[in-house]
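What follows is a structure written as structure tokens; I'll ask about it next.
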Amino acid sequence: MIITGKTLAEQPIRIYTEAGIISQVEPIATTDTTSLPYIAPGLIDLQVNGFAGVDFNTLPLTKSGITHATEQMLSFGVTGYYPTIITNSDDNIYQLFSDFQQFKRNDAQLAQTLLGFHLEGPFISPNDGPRGAHNRDYVQAPNVSLVQKWYDASEGQLSILTLSPEWEDGLQETIEYCVAMGIKVSIGHSAATPDQIQQATQLGATMSTHLGNGCDLQIHRHHNYIWQQLAEDQLWTAIIADGFHLPPAVIKVILKAKQDQVILTSDTTAFGGMKPGRYQTHIGGDVILTEQGKLHLASNPELLAGSAKSVLDCINYLINSDLLSANSAWNKASYSPSSFMGLKNRGSLEVGQRADIVMLNKNDNGLSVLQTILAGEAVYTA
Ligand SMILES: [Zn+2]
């Protein structure tokens with residue numbers, strides 16, 4: 001395959017792919033680049049709870065459902081993602097991991113796009129506010145033998161564990177186990193003290209999950225878990241930049257404080273990619289998805305019911321809010337998550353990388369996908 005276009009840094013290039021890999025990249029001389037499409041590496045989303053009507057946390061999962069959600073995400077430029085399993089009963093978490101692995105086994109596209117699992121909970125804060133929408137009945141202290149059991153069910157694909165270091169029991173051995181197995185430990189849904197944040201970081205936590213969300217409405221002005229996480233050099237910061245979860249000033253400050261260690265995650269749900277309207281959910285009751293893409297409880301427009309945006313929408317929010325250039329915003333959902341997860345062959349357009357490439361158009365609304373290429377094959381065309 002030969003792809004001609006310009007990078008988001010406005011450099012005209014030609015890319016050659018061979019056997020699913022980028023085999024050659026060369027600059028091209030052209031005076032008029034306006035007609036060229038943009039070319040960028042495929043997006044990688046570390047937090048996806050579902051998409052396009054499919055909820056990854058509701059049993060029974062179906063292979064057709066997971067395939068549909070994955071195909072819809074490909075149409076938004078996402079060529080790799082981490083299905084996110086949230087707080088649930090021990091058995092249901094086990095079952096969800098096993099089902100996903102079974103679907104991936106005989107499906108090349110799923111095997112290439114589902115890069116691992118993000119387990120968010122159940123070792124999170126039991127407190128209202130930090131706990132968010134997670135079911136309190138299943139929230140518990142860290143338990144290393146459960147993590148081992150789930151790691152086995154995931155066939156070693158459990159890649160990120162979001163927990164709260166406010167638990168004393170079981171915390172150290174759980175983090176140490178994760179570090180030993182290469183599972184990234186992320187702090188989230190937490191009411192931990194600054195000392196507990198620092199301790200978790202020293203034990204090996206390396207990320208904050210959707211910083212600024214899953215928090216108390218009011219916290220101490222100085223001694224709080226947000227400042228402490230921003231101050232820990234070792235922690236990368238994942239944010240939901242969908243225009244609803246964080247105000248632009250907070251995003252701006254996080255970008256300045258964390259710079260190259262910021263990762264965009266959609267935290268999208270089954271409502272991602274859906275049409276505006278009123279919907280019924282299995283746990284939260286009725287929800288409303290507005291024309292602007294805000295997903296809130298029908299009973300109270302101030303209470304968010306998760307995200308309905310793709311990570312591409314988050315990139316466009318950052319561009320349209322003048323918070324980042326198109327190139328920098330795109331990097332935070334491709335190169336940055338890839339670097340953080342230690343993926344060697346994804347996240348850039350260099351020779352030797354997988355040919356996971358997105359061709360884009362740019363107008364006043366931001367970037368839109370013209371074509372998504374997965375391992376050198378077009379899998380979506382607008
Ligand atoms: Zn969450």
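Each position is counted from 1, following the chain as shown.
Glycine is no exception: its Cβ is also placed from the backbone N, Cα and C atoms.
Because TrEMBL annotations are produced automatically, they should be read as predictions rather than curated entries.
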Of the residues H210, H220, only one is listed by TrEMBL in the Zn(2+) site with E120, H189. Which is it?
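Site partner of E120, H189 for Zn(2+), according to TrEMBL: H210.
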Given TrEMBL annotates N213, G214, R221, H245, L304, A305, G306 as substrate-binding, which of A133, A141, A382 belongs to that site as well?
A133
Could you check which of the recorded positions (E120, H189, D267) sits closest to G214 (substrate binding site), going Cα to Cα?
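Given the candidates E120, H189, D267, the nearest one is H189.
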Select the most exposed residue of A133, L304, where exposure means the fewest other Cβ atoms within 10 Å, treating these as the binding-site residues.
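If we count Cβ atoms within 10 Å for the binding-site residues A133, L304, the smallest count is at A133.
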Apart from E120, H189, H210, which residues in this chain have a Cβ no more than 8 Å from the mean position of the Cβ atoms of those residues at the Zn(2+) site?
Q47, I86, G121, I124, G132, H134, T162, S186, G188, T209, N213, G214, D267
Rank aside, I only need the closest one: which of the binding-site residues A133, H210, N213, A305 has its C-alpha nearest to that of D267 (active site, proton donor/acceptor)?
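Closest by Cα distance to D267 (active site, proton donor/acceptor) among the binding-site residues A133, H210, N213, A305: H210.
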Averaging the per-residue pLDDT over the domain 'Amidohydrolase-related' (38-379), what integer do you get?
96
Given that the record lists A133, N213, G214, R221, H245, L304, A305, G306 as binding substrate, what is the largest C-alpha to C-alpha distance among them, in Å?
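Among the residues the record ties to substrate, max Cα distance equals 27 Å.
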Would you mind reading off the Cα separation of H245 (substrate binding site) from E120 (Zn(2+) binding site), to the nearest angstrom?
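For H245 (substrate binding site) versus E120 (Zn(2+) binding site), the Cα atoms are 18 Å apart.
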